[in-house]
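Working notes for the structure below.
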Amino acid sequence: MKNILLVFTGGTIGSQLQNGTIDTHQNAGFKLIQLFQQHYPNQNQLSFKTIQTEQILSENLHPQFWQQVIATIEAEVLDNVDGVIITHGTDTLAFSAAALGIYFNQIKIPILLVSSNMPLENPNANGLKNFICAVDYIRQKQAAGVFVPYQNPGHPMHLHIATRISSCLPLSSDFISVQSKPYLLFENGKFTHQHELPTRMTPSYPLKKQFANILLIKPYPGLNYSHFNLDNIDAVLHDLYHSGTACTSEQWGQQHSLLVFSEHCHHRNIPLFLAPSIKTDALYSTTQQLLTHNTKMIWNTSLESAYAKLALAYANFTDNQTIDDFLMRDIAWEQV
């Protein structure tokens, strides 16, 4: 008998469609259990303990929500649990997966975040299939850690490392791992490795369930840095174009140059970090300029995991060397 802790948090998988509007519904999560019982032949091998936290559409969540989910899990006696499944919306799935993956970096059981592209009553919804994959992962005693099972429409089911799943592709309901490298393929009840899970070599970082205030900035042509208010900000994370670059030119005015903005952050004693970028021997001149102007790169890490690591680092540590060491290390398989 496998004991599974099932935490309902809302999202599309916990929603219903009524009068043209999709919103969370208190009974939708238990609809998932009913569907599962109708379609899963080995249900007599399983025992679920269900907990319903705040029901929320994931676009509305805040890092305080992660604190609530973590507290819910830690309140349980996990020695008696074979795995945890958390239902979650798709909009911020990658951010929550990264946050929980980094936080639970030494967890001894699997934690899986399960979402659905549509409400469960829709015959095209993938939520039940994603849930079954999560259950089978626990039932078959697969590796501990935090993961996300998700089947893109018309494609096989993949299981992603939580710290490597990217946000949903635009104008679709598709998820991919960074560099399009999922961890496992799930077909006919069996898991097949697509890429091996690296051995955990890092020391344990005991973390408190608290998150710092991180300003996340995305680059685009014409970005004006004078619009940003840095009051009450612990650190800035600046997204980069796919080649690890951002505008350093003052040709269009100083307010459009990240180099000038980096000096502004430096004068305010606010650290400025950059991600994502692959560390190579050949970098663009703009990237080289940034690295010599009071910025730090979080190498080989997705934007979502970089955000999670920064939020945890600046809420948990005060020593800059400890923070830098935490950001440099591969805590939960987030580095590719």
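Backbone N, Cα and C atoms are what each Cβ position is placed from, and that goes for glycine too.
Caution: TrEMBL annotation is automatic and unverified by curators.
Features reported for this protein in TrEMBL:
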type	residues	note
ACT_SITE	THR12	active site
ACT_SITE	THR12	active site, O-isoaspartyl threonine intermediate
ACT_SITE	THR90	active site
BINDING	SER58, THR90, ASP91	substrate binding site
DOMAIN	3-166	domain 'L-asparaginase N-terminal'
- Query: Do you know offhand how many angstrom separate SER58 (substrate binding site) and THR90 (active site) by C-alpha?
  - Reply: 7
- Mean pLDDT across the domain 'L-asparaginase N-terminal' (3-166) comes out at 93
- Item | Near-site residues: substrate, ref SER58, THR90, ASP91, CB cutoff 8 A to centroid | GLY11, THR12, LEU57, GLU59, HIS88, GLY89, THR92, LEU93, SER115, CYS168
- Query: Among SER58, THR90, ASP91, listed as contacts of substrate, what is the widest Cα spread in Å, to the nearest whole number?
  - Reply: 7
- Message: Counting Cβ atoms within 10 Å of each candidate's own Cβ, which of the recorded positions THR12, SER58, THR90 comes out highest?
- Response: THR12
- Note on the structure: Within the same chain, the residues at least 6 apart in sequence whose Cβ is under 8 angstroms from that of ASP91 (substrate binding site) are LEU57, SER58, GLU59, CYS168
